[in-house]
Amino acid sequence: MSLLLLLLWLVSYYVGTLGTHTEIKRVAEERVTLPCHHQLGLPEKDTLDIEWLLTDNEGNQKVVITYSSHHVYSNLTEEQKGRVAFASNFLAGDASLQIEPLKPSDEGRYTCKVKNSGRYVWSHVTLKVLVRPSKPKCELEGELTEGSDLTLQCESASGTKPIVYDWQRVREKEGEDEHLPPRSRIDYNNPGRVLLQNLTMSSSGLYQCTAGNEAGKESCVVRVTVQHVQSIGMIAGAVTGMVAGALLTFLLVWLLIRRKDKERYEEEERPNEIREDAEAPKARLVKPSSSSSGSRSSRSGSSSTRSTANSASRSQRTLSTEAAPQPGLATHAYSLVGPAGRGSEPKKVHHATLTKATTPGMIPSQSRALQTV
């Protein structure tokens with residue numbers, strides 16, 4: 001019996017000295033407790049030392065938390081500052097470590113080392129932090145027409161590998177099938193890709209992709225609307241006709257505006273036109289030969305404007321007065337007359353050019369004015 005008790009004590013001492021090894025998996029943002037139990041603190045509490053070490057996946061080692069000389073030191077790393085603490089009464093034998101909330105950087109191999117009165121206890125815990133897949137992104141590649149092929153693409157940007165992808169149809173109406181169309185192929189090299197071959201109108205619907213791993217699942221949806229080939233041609237023709245009609249209407253409006261501008265410009269320029277090839281009016285000096293010719297000239301001159309004759313008469317009287325002829329001297333007056341001087345004022349000319357003296361002895365009453373022919 002004594003031999004058996006000795007053997008059990010040796011085994012327990014050996015196990016306690018070498019320590020235990022535990023593997024724990026937890027999801028990020030959750031809380032985890034890493035176990036570490038000992039019985040070294042009961043005899044002499046003043047010499048108890050506790051230390052937690054972390055060896056990350058790259059082989060770097062750092063101290064997480066320690067207890068020494070009646071003090072706890074927990075803010076030893078910037079990454080775990082404020083997130084690590086002893087889970088229970090470490091002086092009573094429970095030196096378990098608590099981390100909250102978990103982050104991917106907390107993953108690694110933890111070692112709990114307890115020392116008291118020359119005795120040591122080690123515990124090893126491998127912590128694996130699982131990251132839920134990020135919300136995947138659903139995309140379509142290909143033509144959405146009958147008879148063509150379409151690829152459904154789904155991928156999560158982050159998450160613990162491996163990530164499993166699953167494509168299904170979403171039942172929107174009673175009786176619809178949740179399975180993919182018969183002519184569908186999954187790309188096993190890239191599980192997030194599914195090829196829909198030879199699309200038909202029945203291939204239209206809502207498709208859902210689910211990305212999952214040990215930590216959880218996330219999903220996205222995409223709608224597939226297969227169009228008929230003839231309907232596409234009709235739509236394209238209608239759009240082309242509308243564009244052509246709009247262009248034609250714009251052209252007609254532009255031509256009308258241009259024509260109106262041209263007509264308005266011609267109306268404004270017509271009064272200002274000057275005929276360069278027109279001859280200037282010629283004036284002739286005509287001496288009346290008889291009273292009959294004078295009467296004919298009078299009748300002919302009556303067709304001219306009355307203002308021209310009156311102006312010529314006033315001009316003749318003015319010139320006669322300025323000349324002051326001697327009594328008994330009769331003169332024959334000559335006038336410079338042009339063809340239709342309508343609306344223009346008579347020009348003043350020298351008396352010598354307008355009048356001509358006649359023979360003495362003619363009475364002034366017998367003088368006649370020149371008439372226009």
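Using N, Cα and C of the backbone, Cβ positions are placed for all residues, glycine too.
TrEMBL lists 264-282 with the feature compositional bias 'Basic and acidic residues'.
As annotated by TrEMBL, compositional bias 'Low complexity' applies to 289-315.
Residues or ranges marked as compositional bias 'Polar residues' by TrEMBL: 364-373.
Predicted-model confidence for the domain 'Ig-like' (30-128) is 90, expressed as mean pLDDT. According to TrEMBL, the feature domain 'Ig-like' maps to 30-128 (among others).
Residues or ranges marked as domain 'Ig-like' by TrEMBL: 136-225 (among others).
Residues annotated as region 'Disordered' in TrEMBL: 264-373.
What TrEMBL lists as signal peptide is 1-19.
Feature annotation from TrEMBL assigns transmembrane segment to 232-257.
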Helix, strand and coil residues within the domain 'Ig-like' (136-225) as assigned by DSSP: 3 helix, 45 strand, 42 coil
